[in-house]
Structure formats: C-alpha cells, structure tokens
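Colleague: Okay, here's the structure, questions in a sec.
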Amino acid sequence: MTLAELRRGQKAIIKDVSSVYIPLKLLEMGCLPGNSAELVQVAPFADPMYLNINGSHLAIRKETAMHIIIETTDE
Amino acid sequence: MSKQINVALIGNPNTGKTSVFNALTGLNQKVGNYPGITVEKKEGICKLPRGVKAHIIDLPGTYSLNASSLDENVVIELLLNKNDKDFPDVAVVVSDVENLKRNLLLFTQIKDLEIPTILVINMSDRMAYKGISLNIDFLEQKLETKIALVSTRKNKGINELKDLIANFKNLNTKPCLQASEIDKAYFDGLRKAFPNQLLYKLWLVITQDVNFGKVDRNTYESVADFKIKSKSDLKRLQQRETIKRYQFINEILKEGQTIDLKTAKDLRIKLDRILTHKVWGYLIFGIILLTIFQAIYDWAEVPMDFIDSTFASLSEWAKSVLPEGPFSSLITEGIIPGLGGIVIFIPQIAFLFLFISILEESGYMSRVVFLMDRIMRKFGLSGKSVVPLISGTACAIPAIMATRNIESWKERLITILVTPFTTCSARLPVYLIIIALVIPEGRFIGLSYQALTLMLLYLIGFATAVGSAYLLNKILKIKSKSFFVIEMPNYKLPLPRNVALTVVEKTKAFVFGAGKIILAISIVLWFLASYGPGEAFNNAETIVTEQYATANLSEAELQQKIASHKLEHSFIGITGRAIEPAIQPLGYDWKIGIAIVSSFAAREVFVGTLATIYSVGSDEEDTIKNRMAGEVNPILGGPLFNLASGISLLLFYAFAMQCMSTLAIVKRETNSWKWPFLQLVIMSGFAYIVALAAYQLLK
C-alpha cells in the first residue's frame, strides 16, 4: 500500500520511495526505505497529511504520499 | 592582540540556532545583506575567555548541503570558498535534542568538508521531559567531534560552548563516514582527475549549481578524465548518499541515545488534536487574528497620542528657540512634522512584529500552513503562501522574500504577485488617520467601529490577494511540479529575548528605512511649498491685503489668507492643481493629490506629506489629525475628509501599488521587469476605478 492510505494512529515502515517523484529534500528529512512512518493528523479532506517519519514531524500532500510505498506494522 | 576566530553557526530550521546566536553575541550583532542578494546576513561578536574574540555568522537554516533555495546556497558558497573573509575557522552545528537523527545528516556532511566542527545539542532541558538520555562520550568518539549540551532557555552550556570555540585547534577534522563508498569507481576517477581537491567538495560542486571562487563546475566537467554522469544518475547517487548517512546515524544513535517512551510526555499530540482540528483549528486561528487586530488598535492608542502631541509641541518649541528665517521654517514646517508622521506609528508596527514573531517562534505558524494548504491550493497558492500573506501585514518586502521556500515556481510567482495586496504596516498610518477622521466612535459587541473598519480593510486586502491569485492561476500558463513539505516543529514557549530582539530590529529597520525617504521627501516638499514662481506668489501679501481691504479681517485671519494664497501659487500648488482634474472625481483636493503622488515612493509618506503641506499653509502648531479635520472641501464646502472621500481614499490605498522598494524586490525575485511593471499598472488602475466608484456612490 502507499503512505496515502495510512490511517490515523497506524504505524508503518517505508519500503520504497520513487526517486522520480520524490524530491531529495523529502529524503533528507528522513523519508527513506527502512524508516518508520506514522500518521499524526489529517487536514480536512485528508490533505495534507501530518506525519511522524523517522522521528521527524512533517506535513506533505497526498499526491506526494502516493509515491511512497509502505508496509504496516502491527503492535 | 590575537586574531578573531571566525565561527559559522549552521543548523536545520527550528533548532534554536538563532537563540544560540543571541546567547553568544548578546546585543553585539548586526543584520545586513549578502552582497548582491537579498538574503539576510546576521553576524555578531562574542567575547571568549582570555580576551579572545569570535566573529560569529548565523547562516540561514538548511536541512542539508544540497541547496534548493537562494538562502541555502549562501551556506554552501561560504563553506566551499576558503578565500572568503568569513570562511569559518570552526563550524558550530546546532541540533535539537528531539530531532537529533535528522539534524545529524547536515553534521556528517559538514564533517566531510574537513572543517573543525562542534556539535551543539540544544534544548537539552527537554531531555528528561522527553525521556531521552545520551551517551556523550560515545557520540563524541563516533562523530569525531566535541559536543556542547546547551539550553538557551535555562541559559546552560553557553560557557562550555565558548570554551570549545576558543580551543577549536584541538578539534579533529576527520570525516565520520566514507561517503565515497556509494560509488567507488566514480569517486576514484574523481580523485585521480583532481588530486589536490577535497573529494566531498568536488562532489558538492558537481551536484550543485554553486559558483565558488573562480572555479566553476564547467572546469571540472571539461576534464575528460572521468565520466560525466547524467542528471538522473547524479540524483540517484545523492539518494544513495543520503541513505548511507542515515544508516550511519541510525546505527550510532541506537547505542548513543536511549528514549524511554514511558517517561516521555507529549504535549504536541494533545495540542495538535485541537489546534489542527478541522473545526477548532480554524476557529482558533480566526480568534487569534481578531485579537491581534483589536490589540493593535487599542493598546497602541495611548503611546500614539503621546507621540502626536509631543511632536506638535516639539515643533512649537523649535520655532520659539530658532532664529526666524528659512532654516527655522525648514525644521519646524518640513522636517519635524514629516518625521512625526512616521514616528507615531512605531507602537503599532512594534505590536504587529511582536505578534508575528510570537506566532513563528511558538511553532504555531506551521500549523496554520498545514490547515490552509488545501484551501490555498484551490486558488493556485500553497499552504506556505499563508506566511507571506500574514507577514505581508508587516511589510511586503520580507514577505516576498519568505516565498522562497515555496517549492513550486507557479505557486511562488502567484504568491509574489498578490502579496502586495495585503495590508502592510505602511498602509496603517494612512488607514488610521483617515479612520479616525471619518468613522464614528462607538462600539459593537465590545469592538469599536474603528477597529472593525480596520479589520475589514485587512480582510479586503486578503480577499483581493486570494481572488487575484485565483484569476492568475487561470491565466498564467506555467508548468511546474507541485510539491510541498513542511516541518511541524514542536511547540515552544517563545523566548522573550528572541522576540524582543526581532521586534526591535524589524521596527528599527522600518523606521530608519522609511525615515530616510520621508526626510528627503519632506525637505523637497517643504521647498516646493515655500517657494513659487511669478507675481502671484511673490506679491501674495499685497494681493491678498488689497483683495480683503474692505473685509475688515483681524490680523490673524489676514495672515492665514496670505499663507494659503502663497501655498496655492507655490510650485507644489501649481503641480497639485494640474493633476486636480484627475483626482477630483475621487473626492480629493490638490493637497491630497500631492500626498498620493509622493506616496508612490512609499505609502507612509502620505501622512508626512499632508503634515508638511498643512503646516506650511498655517501658522499655529497643531496635531496632524486636527489639521486634517479642519480642511474644507473647496467646491462642495463641508469637511474635506468625510465618509465618501475617506472610504474612497481607504480603498485607493488598499489596492494601489505604491512602494518602490516592493517593485524592486519583485524584480529581483522574479528576475524580470515584466512582473513588477504589471503589478504597478494593474493594481493602481484597479485602485483608481474602485475609489472612483466608491466616492460617486457614497457622496
């Protein structure tokens, strides 16, 4: 599944990041394969998404999140 | 005497880098610009033990050494140019204890440049609160550095940091990881081609568009000895480099940092549930804005009245002590009223900067960006356009510079074009004085009519900005990738010292910047109003005395008639009456016309201009407001500033593009005269039409 489908409170591990669509800046902020991702809050219409990625809190748009492949982890 | 130590403060945004800078330099700092560009350059002097001094530069915040904006470019250009006079003897990387993982990325890059580097772990007072403990010795060893645990809030660790800076020669310059492993063959080729250059420096020059010194990237690429990679290959390598760095960081933090989640408290989540909520979030934002406007109006009233009357008596006092003559009248009728027109707005401008700086410092501004992104996108803007639009209420110039972090060029261009519609502090003087003259006093559910009018003007500004963005989004055919990422920093209680320094510095810049223009214009205006060509001006006394010979006027009344006759036939009167036909349908007389024309240099000149014109035209000293209230419409009779002409003026100032500095900055940021020219013509034309319609409907 992609990051865009993550629900609030759900935790996931990033599996793949498409370097064609994702700018270097987002990678530098920790959005890399192997790192954790969690949805903190969504704005109205579920866009943008407020995420905790690898301990960094950041917000990105849904269209960007669609290019990040994740796998949910159950705890 | 020893040489100064050059120190560069580097760090991610939101790490409290500026607090560290303030703690090190105190009030010994100055703000300027990097030569040729509009990026702010903050530097200061720090006294170290044993009489040594350090020259400290607070570099713009950046997430890495891969620049994506003008501000970030400054960091790289300095770090790559050994010949720059500011090239650091020691780099101080400021990190935030809660975001160590991400902050260390930049640190490892700087280590690769083999510059002596100190790591500051800031906000260390929050470690217990967050359940974080650090193995400092281990981290120092793995990162090949010295660490200073600092808390600017509790004023801890600053002396230790100063000691480390003073002893920077003991720092080692070994990189903490081997970045070249990401593509051994390629980097070996590089090393062979340029044996005398630092490998990581070469890599940065190849991947960025930086010009440093006299060597640009083309000289590197033109050497046939190593193969040139395509752009996408380079990007893939940069991605691999980033992954490698994070692997290293994750590994050492696994051992060097423990986070006990049981003891960790998180206020952020609780606050964000409310502050970014789809209903409460917007409601709270609205209440905050409302409070700010009410405060600007109410709290600033007392100091403003005080300043107003002080300047009136200052003028009177100067008149009584200075010998009579042109010099005395230049001072009392030109300079003092002109300056009074700007000094009076210091309280309000300071309040505005105070609120904006609190919103930014506390971390709340990012939440607003988050809340507004979806809505703003509908109008072709970005959530990040909210920051320029809000700080545009202080001044369009820093606001337009604040658009630099908007990733998409189209969204950024539209933001730049519409930002001047927001009500900047230079419009405030004009609004305030006209509102005071034409809007009745009285209250509506606790809010004064006057404050509500002001609020309405701000809303009109925003609405026009957003509306024209919508149109521009439809008209402009620019293809650009839409992308958006913003850090959501933790909530922080703003440090009073940081806020105070920002307010003082910004207010000072505004007053001196505007003050210079106003002083110059006041002097020119005074001259034009005090001298005139021909008979009508030079023989004013004889003409007026003859004219009123039978009218039996008192001496004072006669003097008044002479003064206004003189003014009407002075250079300025002649010019004013030449443009009068164009502005009469808007409800203005020629004096307002002159004020409008002169405020195309800067809006706030309006009040100063009127003050100068009116004080040349009258004898007694009075406040600016009382003088304006006493003006009579030459054609219709009745007060010149009534509801119709007042509203017309307010709307004219709301829409017209009257700021040369903004036009200059737009030219610089868009790299073309086309955009500022269009702004000037379209905004001012629109202003004229709206003001005309308003006056004709209301009169």
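The backbone N, Cα and C atoms fix where each Cβ goes, glycine too.
Nobody curates TrEMBL annotations by hand; they come from automatic prediction.
Got these off TrEMBL a minute ago, pasting:
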type	residues	note
BINDING	B:11-18, B:36-40, B:58-61, B:122-125	GTP binding site
BINDING	B:Asn22	Mg(2+) 1 binding site
BINDING	B:Ala23, B:Thr25, B:Gly26	Mg(2+) 2 binding site
TRANSMEM	B:279-297	transmembrane segment
TRANSMEM	B:335-359	transmembrane segment
TRANSMEM	B:379-401	transmembrane segment
TRANSMEM	B:413-439	transmembrane segment
TRANSMEM	B:451-472	transmembrane segment
TRANSMEM	B:509-529	transmembrane segment
TRANSMEM	B:635-656	transmembrane segment
TRANSMEM	B:676-698	transmembrane segment
Colleague: Under a three-state reduction of DSSP output, how is B:Gly26 (Mg(2+) 2 binding site) classified: helix, strand, or coil?
Modeller: coil
Colleague: Please determine which of the binding-site residues listed here (B:Gly11, B:Gly26, B:Pro60) has the lowest count of neighbouring CB atoms within 10 Å.
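Modeller: Looking at the binding-site residues B:Gly11, B:Gly26, B:Pro60, the Cβ with the fewest others within 10 Å is that of B:Gly26.
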Colleague: Under a criterion of Cβ-Cβ distance under 8 Å and sequence separation of at least 6, what residues of the same chain contact B:Asn22 (Mg(2+) 1 binding site)?
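Modeller: Set apart from B:Asn22 (Mg(2+) 1 binding site) by at least 6 residues yet with Cβ under 8 Å, we have B:Gln29, B:Thr152, B:Arg497, B:Asn498, B:Leu501.
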Colleague: In sequence order, what residues of the same chain, 6+ apart, have a Cβ less than 8 Å from the Cβ of B:Met123 (GTP binding site)?
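Modeller: In sequence order, the residues whose Cβ lies under 8 Å from that of B:Met123 (GTP binding site) (at least 6 apart) are B:Thr15, B:Gly16, B:Asp96, B:Val97, B:Glu98, B:Ser151, B:Thr152, B:Arg153.
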Colleague: Name the range, of those listed as B:279-297, B:413-439, B:451-472, B:509-529, B:676-698, that has the largest tally of Cβ pairs under 8 Å with the transmembrane segment (B:335-359).
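Modeller: It is B:509-529 that shares the most Cβ pairs under 8 Å with the transmembrane segment (B:335-359).
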Colleague: Under a three-state reading of DSSP, tell me whether B:Glu40 (GTP binding site) is helix, strand or coil.
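Modeller: Reduced to three states, the DSSP call for B:Glu40 (GTP binding site) is strand.
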Colleague: Among the recorded stretches B:279-297, B:379-401, B:413-439, B:451-472, which has the greatest number of Cβ pairs closer than 8 Å to the transmembrane segment (B:676-698)?
Modeller: B:413-439
Colleague: Using an 8 Å cut-off from the Cβ centroid of B:Ala23, B:Thr25, B:Gly26, can you name the remaining same-chain residues around the Mg(2+) 2 site, in sequence order?
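Modeller: Close Cβ neighbours, site residues excluded: B:Phe21, B:Asn22, B:Leu24, B:Leu27, B:Asn28, B:Gln29, B:Gly44, B:Cys46.
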Colleague: Counting only residues 6 or more past its boundaries, what in the same chain has a CB within less than 8 Å of a CB in the transmembrane segment (B:635-656)?
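Modeller: For the transmembrane segment (B:635-656), the list is 421, 423, 427, 430-431, 434-435, 437-439, 457, 460-461, 464, 584, 586-589, 592, 596, 603, 606, 628-629, 683-684, 686-688, 690-692, 694-695, 698-699.
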Colleague: Which residues of the same chain, at least 6 past either end of the transmembrane segment (B:413-439), have a Cβ under 8 Å from a Cβ in it?
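Modeller: Contacts with the transmembrane segment (B:413-439): 341-342, 344-345, 348-349, 352, 380-382, 384-385, 388-390, 392-396, 399-400, 403, 406, 449-450, 453-454, 457-458, 461-462, 464-466, 468-469, 472-473, 476, 478, 510, 514, 599, 602-604, 606-607, 624-625, 628-629, 641-643, 645-647, 649-650, 653-655, 657, 659, 662, 666, 669-670, 675, 678-679, 683.
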